[in-house]
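Undergrad: Attaching a single structure in structure tokens format; questions to follow.
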Amino acid sequence: MDLNNIKDPSVVKNLTDEEMRNLAQDVRNFLINNLSETGGHLGANLGVVELTLALHRTFDSPNDRFLFDVGHQSYVHKILTGRGGQFDTLRKYQGLCGFPKRNESEHDVWETGHSSTSLSAAMGMAIARDLKNESHSVVPIIGDGALTGGMALEALNHIGHEKKNVTVILNDNEMSIAKNVGALHSALARMRSAGKYNRVKDDFEWLLKKIPAIGGRVASTAERLKDSMKYFVVPGMFFEELGFTYYGPVDGHDFEDLQGNLDYARKTEGPVIVHVMTQKGKGYQPAESDVKDKWHGVGPYKIDSGEKIKPADAPPAWSEVISEALRAEAREDERIVAVTPAMILGSKLEKFGEEFPDRLYDVGIAEQHATTMSAGLATQGMRPFLAIYSTFLQRGYDQVIHDVARQNLNVIFGIDRAGLVGADGETHQGVFDIAFLRTVPNMSIMMPKDENEAKHMVHTAVKYEDGPIALRYPRGNALGVEVADKPETIDIGSWETLKPGEDAVILTFGTTIPLAIEAAETLQEQGVDVEVVNARFMKPMDEKMLHEIFERNIPVLTLEEAVVQGSFGSAVLEFQSDHSYYNRPLKRIGLPDRFVEHGDVKDLWKEVGLTRENVVDKVLKLLPQSEKRA
Ligand SMILES: Cc1ncc(C[n+]2csc(CCOP(=O)(O)OP(=O)(O)O)c2C)c(N)n1
Ligand SMILES: CC(=O)[C@@H](O)[C@H](O)COP(=O)(O)O
Ligand SMILES: [Mg+2]
């Protein structure tokens, strides 16, 4: 079968198990080859090859609705639904998205990226189906990691109560990004090892039918026995008690086992959960043998050796810079506790865990819990450092306001992946946090210009006693500057002038500082003397400096890698208005009011106008006619 050119997923309908096995091998080779060039979420997709093929053989997409939770494991579905030919553009600018995308295919009925949403969406679709008297299946496919997310549990609770026909496929590979954690994970482990209850149950029911009806007594005793027996041998009792029919555990790499159970599941009335066991990274030795993350998300690699292709001598990742500074602080300050919602590897907290095993908590995919738990720690005088991707903090917003900020608790938010993240695209861009945090009373927000300032900011955050403080840092590598031996405390709300200038001022911070400097150099060549200010605190702002700037009555440009609506530039505009600095030319550059898709960050910066040309042009347009020198 030409995987670059599958017209319709129904091509798998009439394949034998043997043909399915051959196709599965072809799909694996396709993934391993293509992703060696593009990178992507290899491990999860290798794990669901047979499962996805079997789902398409059993159900009729798009009439039956597949919802891929997180969606990073939807590549096989993409291949089967006509997108194999676009895999050379996977996660690249204007190329194939790494997650389900409704405008890519009618087979993508639900967009994901963030975890644990599929069951709620499926429930909505099931209610709509029933109200409209339609009769298709709704099939959310959720991993064991995503199942630990609060939303998924809320939805299970509701689906089980309403008894809706929803066919949940639980893809259990015992991994989140790293090893899955939590009591639910342990419960799933017990289900796995309990064996195949359904076989036992079927045998027992068959036996019951054989017992002659003698006044119903034996039969009812046997029924009770069957019920109580569940507690000893039923692997899925947890789900059955919630109102689901449980099938499993199913071998997710065995077409016969998959098909039998999926056929049953499709015909079963009411909510069903099919517990499918898979192996993350299956079929590619380097991924299978990587105990850390089974090649969850990778860049390009050499197929034979599995060696990752990386630029030589890159400076350390920002997450590593922050994590290292935090370890140094933790050696001095026993109050520091690190918290991560399932991102121990991405946030580079492994070494912290090795050094302080009692002071690192991976709470699973549970951003809300992580935030409120950090608040709880802070009430007891601890100094929690919640390392959380900007995009995932969105899920803990009420907790930030209600639990942390309102009680003015000393929680440090290490906001990782702040700014455009690149290949993951619009679901993961860390561009809203300034706008949504800045309006919260008691909150301070800062971002370093380099790793040296980052070290000082970690120290500043640890020493800060006046409430929550957020330290933003981007994805990718730091700048490679030298870092001071001893950390210093930075005055909260203080900015610094990086380059003095008389004709205009650029207020900027973090990742856009080099761009501002470059633009200022270009403008200097044109005879325009522009000041560049490191506005390293987005809140509180340096009001003294702002007054001085506005009193100079020169044009002001704000420049940031965040949504222009409501972020830093808006704060400066508000300041200008609140202090009646009328008629001062001011312009904001930031991200437009739309979602920015996936691609190389360099291309995305161009697309949104984070370019030297645009900055130069905006400054020139702000200048009075007489000063626009050539
Ligand atoms: C709300 C949210 N938090 C964290 C993540 C980051 N994340 C992406 S995949 C993943 C692990 C998911 O594990 P599982 O659902 O078991 O899928 P698997 O990768 O094992 O197939 C995590 C933590 C996310 N996408 N969304
Ligand atoms: C699917 C998902 O949410 C994660 O796997 C994410 O892609 C990780 O991003 P980083 O590569 O920035 O850690
Ligand atoms: Mg998993």
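Placed from the backbone N, Cα and C atoms, the Cβ positions cover glycine too.
Note that TrEMBL annotation is computational and uncurated.
For His72, Gly113, His114, Ser115, Gly145, Ala146, Asn173, Tyr284, Glu367, the entry in TrEMBL reads thiamine diphosphate binding site. Residues annotated as Mg(2+) binding site in TrEMBL: Asp144, Asn173. Marked as domain 'Transketolase-like pyrimidine-binding' by TrEMBL: 316-481.
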Undergrad: Filter the candidate list His72, Gly145, Glu367 of binding-site residues, keeping only entries whose CB is under 6 Å from an atom of ligand 2.
TA: His72
Undergrad: Using a Cβ-Cβ cut-off under 8 angstroms and a sequence gap of six or more, which residues of the chain neighbour Asp144 (Mg(2+) binding site)?
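TA: When sequence neighbours closer than 6 are ignored, Asp144 (Mg(2+) binding site) has Leu170, Asn171, Asp172, Asn173, Glu174, Met175, Ser176, Asn180, His185, Leu188 within Cβ distance under 8 Å.
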Undergrad: Measure from the Cβ of Asn173 (thiamine diphosphate binding site) and count the other Cβ atoms within 10 Å, all protein chains considered.
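TA: So the number of other Cβ atoms within 10 Å of Asn173 (thiamine diphosphate binding site) is 23.
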Undergrad: Within the set His114, Asp144, Gly145, Asn173, which binding-site residues show a CB-to-ligand 3 distance under 6 A?
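TA: Asp144, Gly145, Asn173, by Cβ distance under 6 Å.
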Undergrad: Of all the binding-site residues given, His72, His114, which residue's CB has the most CB neighbours within 10 A?
TA: His72
Undergrad: Rounded to a whole angstrom, what is the largest C-alpha distance between any two of the residues His72, Gly113, His114, Ser115, Gly145, Ala146, Asn173, Tyr284, Glu367 that the record assigns to thiamine diphosphate?
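TA: Greatest Cα separation within the listed binding residues comes to 32 Å.
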Undergrad: What does DSSP say about His114 (thiamine diphosphate binding site): helix, strand or coil?
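TA: Going by the DSSP assignment, His114 (thiamine diphosphate binding site) belongs to neither helix nor strand, so it counts as coil.
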